[in-house]
Amino acid sequence: MGDSVGIKYSSVNEGEEHKGGHGIRKVSIVPLIFLIFYEVSGGPFGIEDSVKAAGPLLAIVGFLLFALIWSVPEALITAEMGTMFPENGGYVVWVSSALGPFWGFQQGWAKWLSGVIDNALYPVLFLDYLKSSVPVLGGGLPRTLAVLILTVALTYMNYRGLTIVGWVAVFLGVFSLLPFFVMGLIAIPRIEPSRWLEMDLGNVNWGLYLNTLFWNLNYWDSISTLAGEVENPKRTLPRALSYALVLVVGGYLYPLIACTAAVPVDRELWSDGYFSDVARILGGFWLHSWIQAAAALSNMGNFVTEMSSDSYQLLGMAERGMLPEFFAKRSRYGTPLIGILFSAFGVVLLSWMSFQEIIAAENYLYCFGMILEFIAFIKLRVVHPNASRPYKIPLGTIGAVLMIIPPTILIVVVMMLASFKVMVVSILAMLVGFALQPGLVYVEKRRWLKFSISAELPDLPDSIAEEDSTTPLVF
């Protein structure tokens with residue numbers, strides 16, 4: 001990856017720069033906020049299981065507590081590292097810089113698999129919301145064809161450009177959150193605060209509870225993989241992450257607080273889609289239909305933003321010479337053509353998995369990637385404490401270590417809760433990555449495929465551990 005220690009991102013430092021080197025308009029702060037919103041959330045669809053698993057009090061407290069011990073640290077680390085390395089590839093570049101290209105590739109492999117597995121969920125959920133109105137979509141060939149058609153249509157949207165995806169995310173985000181705002185207002189006269197205190201510690205499904213909270217509050221780092229497409233990322237990225245954090249957590253707590261107090265709580269009823277039933281009770285059929293439509297369209301927002309993150313990650317890895325050069329090929333719209341096609345193919349292959357299997361498998365692989373991110377974050381702080389960081393978490397090294405202890409404990413718990421089947425499949429997937437990286441190095445040495453580092457990017461050290469730790473990095 002080069003011998004130079006000094007790293008300078010001259011092409012992304014100017015605030016007035018609105019277009020990238022390919023003449024494509026960069027993403028501004030408003031679309032970026034909603035891209036992050038959909039990477040992480042997409043609205044309160046799916047949080048109902050937290051009430052089913054643990055009751056209203058633990059559900060509300062859980063989202064507050066998990067936001068503090070997981071979402072805030074992850075968003076802060078993304079802001080610091082994403083502005084330190086404002087290029088496509090994101091966390092792959094962070095880990096490569098701290099631990100070397102082998103572990104950087106493993107980070108990319110685990111996170112890309114996790115993202116594609118996650119994305120396989122959304123066409124299925126979209127059809128699940130429609131099958132009550134169109135029963136033929138419930139299974140068989142019509143459902144399979146519908147998944148394929150939907151995947152192709154949303155993939156084409158990604159092909160047309162990230163700015164289009166960003167503004168589509170803005171529209172879908174507003175449309176998806178607005179009915180919950182209206183439902184909360186309608187719920188006010190019916191609120192009975194005593195219902196918030198309902199709790200039975202002897203009857204808590206801890207596995208479902210923790211997985212629901214974790215799944216709905218992670219993926220803050222995904223936006224880093226397209227940092228090179230963001231307008232003035234060193235300033236825009238931290239601001240967008242902070243605004244998105246408020247939007248996501250508020251979007252969960254507002255309907256949860258309103259609805260658990262406005263209707264009697266029958267925990268068995270609180271499963272995926274129950275908010276639409278509450279909407280019917282509080283507002284009637286029109287509000288029920290609005291929330292169902294919002295839920296269906298929200299899955300489209302989740303799909304296009306996740307695919308953007310996954311495909312730009314592959315492009316960033318190719319621009320760093322970790323993948324063959326053809327992955328860096330852009331369409332005439334500036335989008336990563338091969339990365340989009342690979343990600344779409346992965347979605348189609350994995351669309352047969354069940355909802356529970358998808359959540360468990362993606363969580364396991366995601367946790368593996370987060371462990372590498374935490375190690376890279378701390379190592380860069382220790383080895384290069386004085387490196388230029390456009391945004392720096394206002395904590396010293398000890399404070400940074402203390403900050404990641406709670407999320408690390410959470411990672412261990414989530415991985416231990418995985419079923420044996422999920423654990424075996426996930427470990428096998430990671431072992432494939434261990435073999436794939438040296439295999440690609442061999443392919444490069446034999447010149448069977450062309451690999452290259454983009455001339456627009458600065459050199460990165462193969463491993464900071466091999467360098468003089470007193471040498472400053474220049475950004």
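First residue shown is number 1, and so on along the chain.
Every residue, even glycine, has its Cβ placed from backbone N, Cα and C.
Unlike curated records, TrEMBL annotations are generated automatically.
The model shown is predicted, which means the values in this text are computed figures rather than measured ones.
Range 89-106 is the one annotated as transmembrane segment, of 89-106, 215-232, 449-466 (source: TrEMBL).
Residues 74, 77, 80-81, 84, 91, 94-95, 97-99, 103, 106-107, 110-111, 113-114, 117, 211, 214-215, 218-219, 221, 397, 400-401, 404, 407-408, 411, 414-415, 418, 422-423, 426, 429-430, 464-465, 469 of the same chain sit 6 or more residues outside the transmembrane segment (363-383) yet have a Cβ under 8 Å from a Cβ within it.
Segment contact holds for the transmembrane segment (142-159) and the transmembrane segment (285-304), given three or more CB pairs below 8 angstroms at sequence separation of 6 or more. Between the transmembrane segment (165-188) and the stretches 53-77, 89-106, 285-304, Cβ pairs under 8 Å are most numerous for 285-304. Residues 29, 33-34, 36-37, 40-41, 43-44, 47, 50-51, 55-56, 59-60, 63-64, 67, 71-72, 75, 173, 177, 180-181, 183-184, 187-188, 190-193, 195-196, 198, 216-217, 220, 275, 278, 281-282 of the same chain, all 6+ positions outside the transmembrane segment (243-265), place their C-beta atoms under 8 angstroms from a C-beta of that stretch. Taking every listed stretch (53-77, 89-106, 285-304) in turn, the largest tally of C-beta pairs under 8 A with the transmembrane segment (395-417) is reached by 53-77. Counting same-chain residues at least six beyond the ends of the transmembrane segment (27-47), those with a Cβ under 8 angstroms from any Cβ of the stretch are 59, 63, 71, 162-163, 165-167, 169-170, 172-173, 176-177, 180, 212, 215-220, 222-223, 226, 229-231, 236-237, 239-241, 243-244, 247-248, 251-252, 255-256, 272-273, 275, 294-295, 298-299, 301-302, 304-306, 308-309. By number of Cβ pairs under 8 Å, the transmembrane segment (89-106) is matched best by 423-443 from the list 53-77, 285-304, 423-443.
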